[in-house]
Amino acid sequence: MPWQAFRRFGQKLVRRRTLESGMAETRLARCLSTLDLVALGVGSTLGAGVYVLAGEVAKDKAGPSIVICFLVAALSSVLAGLCYAEFGARVPRSGSAYLYSYVTVGELWAFTTGWNLILSYVIGTASVARAWSSAFDNLIGNHISKTLQGSIALHVPHVLAEYPDFFALGLVLLLTGLLALGASESALVTKVFTGVNLLVLGFVMISGFVKGDVHNWKLTEEDYELAMAELNDTYSLGPLGSGGFVPFGFEGILRGAATCFYAFVGFDCIATTGEEAQNPQRSIPMGIVISLSVCFLAYFAVSSALTLMMPYYQLQPESPLPEAFLYIGWAPARYVVAVGSLCALSTSLLGSMFPMPRVIYAMAEDGLLFRVLARIHTGTRTPIIATVVSGIIAAFMAFLFKLTDLVDLMSIGTLLAYSLVSICVLILRYQPDQETKTGEEVELQEEAITTESEKLTLWGLFFPLNSIPTPLSGQIVYVCSSLLAVLLTALCLVLAQWSVPLLSGDLLWTAVVVLLLLLIIGIIVVIWRQPQSSTPLHFKVPALPLLPLMSIFVNIYLMMQMTAGTWARFGVWMLIGFAIYFGYGIQHSLEEIKSNQPSRKSRAKTVDLDPGTLYVHSV
């Protein structure tokens, strides 16, 4: 029957990952300590942002109030980081948001998440490699770019770069080889570079507070006119705004915070190390929280020092810190800062490249991507094929493409992953424990099963009979979370696209927003009234269900700020991914194979959310 075939097809799209009871066993080498994960998170997050982004945001968007921008951005990133930390404690396996989605919301969403994570890491790797090449070229007087532009220029504007970047190509291939040697070797390099980076940033902070002038946070129009009279190249001056500490108003802080949010992207690479961390359930949450805290303190202190050292409208976006030291008369210090920037970009590059092959490996091992990509090198115990293939693709993009137009595309993939992880945490916290004692396979969220004593009623939505999660209460939360995702998307769309009528008091749009808010609040109350799982974890997100929902709202709102061209490129990337999934992955998925082999199915077990049985390795 056509209906039955359609139903079976739909079940394939939402089937959830089932794992063997010994899921702590891994073919990868468990060699990463908590310090390694903190170094990886700080290195990948505290990269180009602190040396480039701070100058751009302070000059054009926020002025000295950039310190508030970083605070707002850090708070929004912490929301996502807390959700990642809880999932890292629940499911200590490679794959990051991909696996988290697979065990919770189903195969199609998991593939979508993993496919976009691959896009984010590839673009991030290529763009940082280009930035490293440019920073090194600037340090030696731009000889590389001048030579290549004069001899091998590319004449395809808005598509390709001005010239092929052989330096970036070689850099990515070199680091690909380093990652292929093993995680512990690359972790050592990351720790060294991150240490140098933090020392340089410490020097910048101390210098800024010693040589800084509080008057630069109180600039007036007279100061601006004086600067124009003193400078010959007044075209390099940024806008004054209204002067003072918040020269561009509250709107400038929000615009700056939206940009600064991307300076914290990168901590999620810690969540991909579940099969290589020595104690993943403890070290992954600690690594995420500590790395985000360190990065916020560094961003806050450096941006404060930078805006105290020189007027915000005179900052150079491309190289704000070296120019600031020139401004205060410490010219030799710019070389110290240059070394720090190269170390920061190096760790950021490793941070982008490290999770890329591991997400590919996790998807290939599950059969959603080509199985050859899951091959493990017997000597180094690293995903050698996935590492080499992803490195070559990233090197090719760094070699030919100018990636400034693709940054927003990278952000969509990252924000989508953050949102799905938050939804997964919300759903899992309200599910009953699913340890399978009879050997029968049980999905993480099963269909609503009611008994004579448990029926779905309006009273039961707000006053459930049980104090522990049941299949019915778990299904209620699953459905309510799906409805909330739709309603929050609609609310963010209205706020982003029709903000002017709302601010002007348009009754229609005001009524729409009020209605959406009432529905959202009502569903949140229903979720809040359901019993939560009491499974002990090393880390749990506080204030459920509010914190995950706040994270989802912020992420979706930022996605709504993307341009139509960015969404069009996103659509092309997703078409390629769906062609692979429906042409190969849906038929070769491990879950598909299990469903066709009853003998194996009888022995399969789902994810055991009890850490005592889930993870047996001890340090």
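Including glycine, each Cβ sits where the backbone N, Cα and C put it.
The N-linked glycosylation site annotation in Swiss-Prot covers Asn232 and rests on sequence analysis.
For Thr606, the entry in Swiss-Prot reads phosphothreonine, with the evidence type a large-scale study or a structure entry.
Annotation comment: Swiss-Prot describes Ser618 as phosphoserine.
According to Swiss-Prot, the feature topological domain 'Cytoplasmic' maps to 1-36 (among others).
What Swiss-Prot records for 58-61 (among others) is topological domain 'Extracellular', and it gives sequence analysis as the kind of evidence. Only residues 6 or more beyond the boundaries of the topological domain 'Extracellular' (58-61), in the same chain, are considered here, and those with a CB under 8 A from a CB of the stretch are 69, 238-239, 248, 252, 255-256, 259, 303, 306-307, 312-313, 315, 317, 320.
If you look up Swiss-Prot, you'll see 83-107 (among others) marked as topological domain 'Cytoplasmic'.
The feature topological domain 'Extracellular' is assigned by Swiss-Prot to 129-162 (among others).
Swiss-Prot lists 184-191 (among others) with the feature topological domain 'Cytoplasmic'.
Assigned with DSSP, the residues of the topological domain 'Extracellular' (213-233) fall into helix, strand and coil as follows: 14 helix, 0 strand, 7 coil. Sequence annotations record features per position, and here Swiss-Prot assigns topological domain 'Extracellular' to 213-233 (among others).
The topological domain 'Cytoplasmic' annotation in Swiss-Prot covers 255-285 (among others) and is backed by sequence analysis.
Counted with DSSP, the topological domain 'Extracellular' (307-335) comes out as 17 helix, 0 strand, 12 coil. The topological domain 'Extracellular' annotation in Swiss-Prot covers 307-335 (among others).
Under DSSP, residues within the topological domain 'Extracellular' (497-506) fall into helix, strand and coil as 6 helix, 0 strand, 4 coil. What Swiss-Prot lists as topological domain 'Extracellular' is 497-506 (among others).
Residues 85-86, 88-90, 281-282, 285-286, 289, 428-433, 461-464, 466-470, 473, 476-477, 609-612 of the same chain lie 6 or more positions beyond the ends of the topological domain 'Cytoplasmic' (528-540) yet place their CB under 8 Å from a CB of it. Look at Swiss-Prot and you will find 528-540 (among others) tagged as topological domain 'Cytoplasmic'.
DSSP places the residues of the topological domain 'Extracellular' (562-569) in helix, strand and coil in these numbers: 6 helix, 0 strand, 2 coil. Look at Swiss-Prot and you will find 562-569 (among others) tagged as topological domain 'Extracellular', backed by sequence analysis.
Per Swiss-Prot, the feature topological domain 'Cytoplasmic' maps to 591-619 (among others); the stated evidence is sequence analysis.
The transmembrane segment annotation in Swiss-Prot covers 37-57 (among others), and the record cites sequence analysis as its basis.
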Stretch with greatest number of CB pairs under 8 Å, the transmembrane segment (407-427) reference, 234-254, 286-306, 336-356, 541-561, 570-590 candidates: 541-561
Distal contacts, the transmembrane segment (286-306) - CB-CB under 8 A, six or more residues away: 34, 37-38, 40-42, 45-46, 49-50, 54-55, 58, 66-67, 70-71, 74, 77-78, 81-82, 84-85, 88, 198, 201, 204-205, 207-209, 212, 260, 263-264, 267, 270-271, 315, 320-321, 324, 539
Stretch among 108-128, 234-254, 336-356, 507-527, 570-590 sharing the most Cβ pairs under 8 Å with the transmembrane segment (37-57): 336-356
Stretch-averaged pLDDT - the topological domain 'Extracellular' (213-233): 80
Tertiary contacts of the transmembrane segment (541-561), as residues 6+ beyond its ends and Cβ separation under 8 Å: 76, 79-80, 82-83, 85-86, 258, 261, 411-412, 415-416, 418-419, 422-423, 425-426, 429, 484-485, 488-489, 491-493, 495-497, 524, 527-528, 532
Contact call for the transmembrane segment (62-82) against the transmembrane segment (163-183), three or more Cβ pairs under 8 Å: no
Chain residues outside the transmembrane segment (163-183) and at least six past its termini with a C-beta under 8 angstroms from it: 28-29, 31-32, 125-126, 129-130, 132-133, 136-137, 144-145, 148-149, 152-154, 189, 273, 276, 349-350, 353-354, 357, 377, 380-382, 384, 387-388, 390-392, 394-396, 398-400
